[in-house]
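Reviewing the structure listed below.
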């Protein structure tokens, strides 16, 4: 079965990294295709021996007068997977300062910050039609490749659920569909013999088992996520990200994320369990 992936999103959010990864996976990669030859390109691909093609679409308007229309055309012709990459304004400003490259919408009368916000508004309709929205603000290139690979692996195999623990003091994951706050639960950080351990350690698990409130919270999260994921699956959604946060991201959120992941696996879902801030102080 032929597979088409469209990589789009904000300039500076990681499209080059994503396209390089897809090329490594054997995709025929096409960047900055003129809109006038897009339809012909799709016809050639569908009739060729190529199995996988990735197309990068952005706001370079001399090539795509309407990026939304271009992606709708690709989707209609190929049932493509749409990957939308974004990052916070502050992170994009930092990246442009490092590379000293010019934003595609930047002009003499349009500064970088204004160009970033203008692009965000132009691409909002594409973000809303995307299969995957990946926020790369706090990601390394390796992490982006890992998440993109997981997304592609589940393209034809039903829905994938990402269970992500994090610490609120390190920032909220902006790509999460659900955020659950575990900061009201008892905190093993204040137990001297447990403070250096994590929510994956047996001693911490035994600590949490003393509190019925913890079990109740875990079950309530599972109930909500289980119902939501099943409905998302029926609607054709391919990935759902569930964020569970505590203060530092080492004890409460890690324990709960691990428990929820185990419960969802028993329901037959494809689950990716990540602990973003486990090694942070």
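Including glycine, each Cβ sits where the backbone N, Cα and C put it.
The shown structure was predicted, so the numbers you read here are calculated from the model rather than taken from an experiment.
Long-range Cβ neighbours of residue 9 (ATP binding site) (same chain, at least 6 residues apart, Cβ-Cβ under 8 Å): 15, 58, 83, 84, 85, 86, 123, 126, 127, 134. In the three-state DSSP assignment, the secondary structure recorded for residue 9 (ATP binding site) is strand. Among the features that Swiss-Prot reports, ATP binding site is placed at 9, 10, 11, 12, 13, 14, 15, 16, with the record citing sequence analysis.
Using a 10 Å radius centred on the Cβ of residue 58 (GTP binding site) and all shown protein chains, the other Cβ atoms total 22. Look at Swiss-Prot and you will find 58, 59, 60, 61 tagged as GTP binding site.
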Exercise for review: Inside 10 Å of the Cβ of residue 16 (ATP binding site), count up the other Cβ atoms and send me the figure.
Suggested key: 13
Check your understanding: Between the binding-site residues 10, 13, 59, where is the Cβ count within 10 Å the lowest?
Key -> 59
Review point. Including all protein chains shown, what's the count of other C-beta atoms within 10 A of the C-beta of residue 11 (ATP binding site)?
Key: 23
Study note, to complete from the structure: Simplified to three states, DSSP reports residue 14 (ATP binding site) as coil
